[in-house]
Amino acid sequence: MPMTLGYWDIRGLAHAIRLLLEYTDSSYVEKKYTLGDAPDYDRSQWLNEKFKLGLDFPNLPYLIDGAHKITQSNAILRYIARKHNLCGETEEEKIRVDILENQVMDNHMELVRLCYDPDFEKLKPKYLEELPEKLKLYSEFLGKRPWFAGDKITFVDFLAYDVLDMKRIFEPKCLDAFLNLKDFISRFEGLKKISAYMKSSQFLRGLLFGKSATWNSK
């Protein structure tokens with residue numbers, strides 16, 4: 001019985017989950033919900049099902065795997081990762097995983113808040129001014145390691161790839177000064193399962209956000 005991943009028909013918080021499902025060769029189907037157009041942005045496709053799925057905290061994304069019903073994007077990632085030993089092995093690796101998991105979400109939400117803000121054009125210059133210093137921290141944290149936790153890939157590499165890719169979509173030259181981050185991106189995209197998925201019709205790189213965002217990618 002395949003797992004069911006439920007989310008809006010955008011990239012959003014499901015991107016890293018989709019990538020991890022593909023990398024682990026997991027059997028899954030997607031339930032994609034469509035947001036209505038402006039000005040109402042009708043959410044009835046989701047709201048009609050929201051409280052009928054048996055979710056403890058009904059929200060998107062969700063993952064249903066038999067009796068296991070999970071919400072919160074990072075809880076979903078961790079659930080999949082535990083099945084495949086992708087949470088780090090040593091204590092040092094697990095600490096690095098925990099740190100980066102939360103750091104990535106902080107940086108992800110900064111960009112989300114900016115892109116949904118009606119004052120986007122006013123706020124964008126300050127965001128871009130501060131971006132190099134934030135990327136420098138990622139570069140220093142990665143160092144000469146192939147993956148963020150160490151020698152072996154973990155689920156936070158999927159989160160890190162997602163947020164770094166979002167930033168280079170937003171500002172295409174932002175990674176130019178950080179060779180190890182560019183190498184990380186290339187290494188990740190070169191993974192056999194990831195490369196195949198990115199070439200498929202199922203892959204969704206654009207539409208970072210919902211229709212109500214002030215700025216979005218195509």
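Yeah, the Cβs are placed from backbone N, Cα and C, and that goes for glycine too.
Features reported for this protein in Swiss-Prot:
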BINDING   TYR7, TRP8, TRP46, LEU47, ASN48, GLU49, LYS50, ASN59, LEU60, GLN72, SER73  glutathione binding site
BINDING   TYR116  substrate binding site
DOMAIN    2-88  domain 'GST N-terminal'
DOMAIN    90-207  domain 'GST C-terminal'
Helix-strand-coil residue split for the domain 'GST N-terminal' (2-88), DSSP-based:
27 helix, 20 strand, 40 coil
Per 10 Å Cβ neighbour count, which of the binding-site residues TYR7, TRP46, TYR116 ranks highest?
TYR7
In terms of DSSP three-state secondary structure, what is the assignment for TYR116 (substrate binding site)?
helix
Can you grab the distance from SER73 (glutathione binding site) over to the residue listed as 'substrate binding site'? Cα atoms, rounded to a whole Å.
20
Could you say which of the binding-site residues ASN48, SER73 has its Cβ with the most other Cβ atoms inside 10 Å?
SER73
